[in-house]
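The annotation transmembrane segment is assigned in Swiss-Prot to 16-36, 41-61, 68-88, 97-117, 144-164, 187-207, 229-249, 255-275 on the grounds of sequence analysis.
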Amino acid sequence: MHALMRLFSDYTLQNVVLGTLFLGLGSGLVGSFAVLRRQSLFGDAVSHATLPGIVIAFLLTGTKSTEILLLGAALSGLVGTVVMLMVMRTTKIDTDGAQGIVLGVFLGFGFLLLTHVQKSPQAAKAGLNKFILGQAATILQRDVLLIIAMEVVIGLLVLLFWKELKLSTFDRDFSAVQGFSPQLMEFMLTALIVVAVVVGVQAVGVILMSALLTAPAVAARQWTNSLRVLCALAALFGGVSGVSGSVVSAQVPRLSTGPVIVLVLTGIALVSIMLGPQRGVLYQLWRRRRVSLLQEEG
């Protein structure tokens, strides 16, 4: 107990835990709607699309200020989103295809730029590699405040437009009849996903950020059919994984926080898939076995 208290008294760990806690809460919440809308790959595409913006922001300004780099990430993510929409509306390529194109092209371009930076005299002070898999230990107090502020905004917007988001997610036509704009809700959800991705890339990285959006919702879906409960569970799973991953990585030297958070989330998702009521693998096996026995007795 004393060792745990001493661990949490560490200033760096306090920042990391608070940052990843709120990041997990917000990502789990907004990711629930993305999963229900079958847009899981969208978060993946946006997170990968942020990499070129991060590198370009550094090349243009010569600074590795978190605010500047995240601004570049946000602009690049928005460009990637616009490209996806244009591809879907002007070609016969479906949603998954458009998202896959953006994911591959932007990630490849980002790595090309990153290679260029690493070969330049500025490479030693760039520190851009941390955005690939994340480096939560570099989070400062101002970064934590930014994460908290953005995740609180996400939570408030979801609460404020709960009815509209719910209707547009499950029945777009009925939502339009009720006077709500499905397109507006889709735009808002897209913006929230971009915000969640941008504030999370420093801690989790562009490669793994999509897992923080989808895994909590996938795990929560195994336990409930209620949207309200699903969102609450997804936020809880995201927050727990953030705190757990931060503590574990702090205890083990040279262990990156982002991958550990994703591993914890993967464990939660696997347990949920196996043990979830009604949907769980074990429940389905037990149900089939029971039906088989009843048929044999009959």
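Glycine is treated like the rest: Cβ placed from N, Cα and C.
Packing against the transmembrane segment (68-88) from elsewhere in the chain are residues 42, 45-58, 60-61, 94-95, 97-99, 101-102, 106, 128, 131, 146, 190, 194-195, 197-199, 201-202: each is 6 or more residues past its ends and has a CB under 8 Å from a CB in it. Against the transmembrane segment (97-117), stretch 41-61 shows more Cβ pairs under 8 Å than any other of 16-36, 41-61, 144-164, 187-207, 229-249.
Sequence-distant contacts of the transmembrane segment (41-61) (same chain, six or more residues past either end, CB-CB distance under 8 Å): 31, 34, 68-77, 79-81, 84, 95-96, 99-100, 102-103, 106-107, 109-111, 113-114, 117, 122, 126, 128, 131-132, 190, 193-194, 196-198, 200-201, 206-207, 209-210, 213-214.
In this chain, the transmembrane segment (187-207) lies in contact with the transmembrane segment (255-275); the count of Cβ pairs under 8 Å, excluding pairs fewer than 6 apart in sequence, is at least 3. Counting Cβ pairs under 8 Å to the transmembrane segment (187-207), the top-ranked stretch among 16-36, 144-164, 229-249 is 16-36.
Sequence-distant contacts of the transmembrane segment (16-36), counting only residues of its own chain at least 6 positions beyond either end whose CB sits under 8 Å from a CB of the stretch, comprise 8, 42-43, 136-137, 139, 143-144, 147-148, 150-152, 154-155, 158, 165, 169-170, 189, 192-193, 196, 199-200, 203-204, 209, 212-214, 216-218, 220-221, 227, 230-231, 234-243, 245-247, 250, 257, 261.
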